[in-house]
Amino acid sequence: MATSSAWKLDDHPKLPKGKTIAVIVLDGWGESAPDQYNCIHNAPTPAMDSLKHGAPDTWTLIKAHGTAVGLPSEDDMGNSEVGHNALGAGRIFAQGAKLCDQALASGKIFEGEGFKYVSESFETNTLHLVGLLSDGGVHSRLDQLQLLIKGSAERGAKRIRVHILTDGRDVLDGSSVGFVETLEADLVALRENGVDAQIASGGGRMYVTLDRYENDWEVVKRGWDAQVLGEAPHKFKNAVEAVKTLRKEPGANDQYLPPFVIVDESGKAVGPIVDGDAVVTFNFRADRMVMHAKALEYEDFDKFDRVRYPKIRYAGMLQYDGELKLPSRYLVSPPEIDRTSGEYLTHNGVSTFACSETVKFGHVTFFWNGNRSGYFNEKLEEYVEIPSDSGISFNVQPKMKALEIGEKARDAILSGKFDQVRVNIPNGDMVGHTGDIEATVVACEAADLAVKMIFDAIEQVKGIYVVTADHGNAEDMVKRDKSGKPALDKEGKLQILTSHTLKPVPIAIGGPGLAQGVRFRKDLETPGLANVAATVMNLHGFVAPSDYEPTLIEVVE
C-alpha cells in the first residue's frame, strides 16, 4: 500500500517490526480493593492474576475516567464509547460539557440534524427544555441553557417551556432561587419580544426526574407527572414563588424540593408536554438522564404508568447511552476524531483483525476508529461480529460469547495473516450492569479463560500481548458511603451498584516477542487510556506521531 509522507511513521530505534500483537480490552474491568463485592477478585482469573503478580515492570494502572478520557471532571465515570475513542485515537478529545460549549460557541449545535429535527415543531407547537438548573458544571450549566433558549427563539421557537430541577448538591443549597430569578429574567425579555416563554414545572434533583441506575423509578414518575401530565401536589403562579415557598417545607431543600407546576389564572398548568411538541433534555452528563430518556423515547415501557405517551420530537443534548443508542437523536454529535492509530497503522502496512460480540463490536471498530464506520483498507483489515444472546438478561448466560471471541482471536493469530488482533471481551461490563454478583463472578472467570486462549496463541507465534480495560464495573458491585463502607437503603438492604466506577484499570504487556528491557515508565504523572495507542505503535516497531499522548513504555539497555 502506498504511504504518503503525511502518514509515514518513523521506525522505532530499539523495537523491531513484524511481531504479532494481541490487543485485549476487558470491558468493565477495574482495579479495586479485594472484598466480597469485587467480582474480579472473587473469580478464578489465573491468566490476569499472573500478569499482576508476575512482572511488576510490565503491569500498571491507568486512568479511564474524567479528564483522562475528555470528560469535564474527575467525578465523571468513563464509559465504553469515550474509552475506546481514547484507546484508538491516542489523544484526548473533548467529550461531554466541553463538546457542548464548542458546539454552542460556534453555532454548530443549531446546524445539526438533532436541532433541525426538534425545530420542526417550532411553528405550531411548544419547545420544552428539561434539566438541572445550576451552574455547577457537573450535569449541566445555566449558561448553556441560556444559549439554547436564545438560539431556539432566534430560529423560530414561538412557545418555550422550561422544566427546572433544582440542584443544591453541586452548588450551595439555597442557590436555586438565584438561578430561577436569572432564568425568569431571560424569559421575561423573550416575552417582551413576542415569544411565549415560561417556566412550566420544577422539583428537586434527588426527588424529581433525575434518578440513576434504576434506583427509584418513582423519582422519574414525579417528573413525568409534572412535565407531561401537568400534575403535581403543589401549584404556583410563578417559579420564584414556588421555590421560595417550598424551601420552607419541613425537610425540604434544593435537592429534595417537592414537585410543582406553574398554573395560569384559571388554575390550568401552563406547559404540559403534548402531541407534536419538541423536548430537549439539556443535561450533558448522562447518568441522571438515561431513565428519563427511556420514559420519553420507549413506546414499550413498563416502569410506571405514564397515563399517556405523547408523540413528541425528542433529542438529548448528547446521546446518553451509546450501547442503547439512547436517545436516538441528540443536539451535539460525538467529537470529530482524526488520524487514529488504526488509520496510521494501515497506512504503514499493518494488517488488523478486530472482533467482539454484538454489544461491543462497535466499540472495538467504530469507536476505536474515531467514530468512523467501515474499513480504512479492506485488503488489510477484517472485522468479525459474533451475535450476542438476545431476549435474555446477560446474567442468565454470564459467559456470553467470551470463549467464541477467544477462539476467533486465537485462529486469527495462528493464521499468520494479521499483525494486530484486537478484541473486546464484554462480560465484566454487561453482566456487571445487571447487579447480579454471582453471575458477574462467572462472567469474569469466562473473560479470563478467553484471555488465556489468546495468550496461548501468542506464545505459539512468539508474539506480544497488550491487555487493558475501557473502564471499571465488575470490581465493585456495591454502593458505598463516604467512609467507603457498603451503603444500606432505608430498609437495611445492601445497595447494589450497577454502574461503571471511577477506578483505574490495569494494563499489562508481555509475550515471548516482547523485546528485552521493555518496561512501563515511571515518569508519567497521570497516564490514561489515551497513552495506549502510542504504546501499541511502539510494539509494532514505530514511533507514534508527536502529538499523541506519550507511550507508556521505555526500553532499558
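Cβ atoms here come from the backbone N, Cα and C positions, even for glycine.
These numbers come from a predicted model, not from an experiment.
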Query raised in the report: In Swiss-Prot, the Mn(2+) 2 site includes Ser80, Asp470, His471. Which of Asp27, Asp135, Asp411 does it also list there?
Result: Asp27
**Report entry** Listed binding-site residues among Asp27, Arg212, His471 whose Cα sits within 10 Å of Asp429 (Mn(2+) 1 binding site)
**Finding:** Asp27, His471
**Report entry** Euclidean distance between Cα atoms of His500 (Mn(2+) 1 binding site) and Asp170 (substrate binding site), Å
**Finding:** 20
Report summary line: Most Cβ neighbours within 10 Å, among the binding-site residues His433, His500, goes to His500
**Report entry** Candidate nearest His139 (substrate binding site) in space, where candidates are the binding-site residues Asp27, His433, Asp470, His471, His500 and distance is Cα-Cα
**Finding:** His500
Query - Tertiary neighbours of Asp27 (Mn(2+) 2 binding site) (same chain, Cβ under 8 Å, six or more apart) - result: Ser80, Lys360, His363, Asn424, Ile425, Pro426, Asn427, Gly428, Asp429, Met430, Ala469, Asp470, His471, Asn473
Requested in this report: Please determine which of the binding-site residues listed here (Asp170, Asp429) has the lowest count of neighbouring CB atoms within 10 Å.
Outcome: Asp170
Query - Check: same-chain CB within 8 A of Mn(2+) 2 site center, minus Asp27, Ser80, Asp470, His471 - result: Val25, Gly28, Ala64, Gly78, Asn79, Gly83, His84, Lys360, His363, Asn424, Asp429, Ala469, Asn473, His500
Requested in this report: Determine, from DSSP, whether Asp429 (Mn(2+) 1 binding site) sits in helix, strand or coil.
Outcome: helix
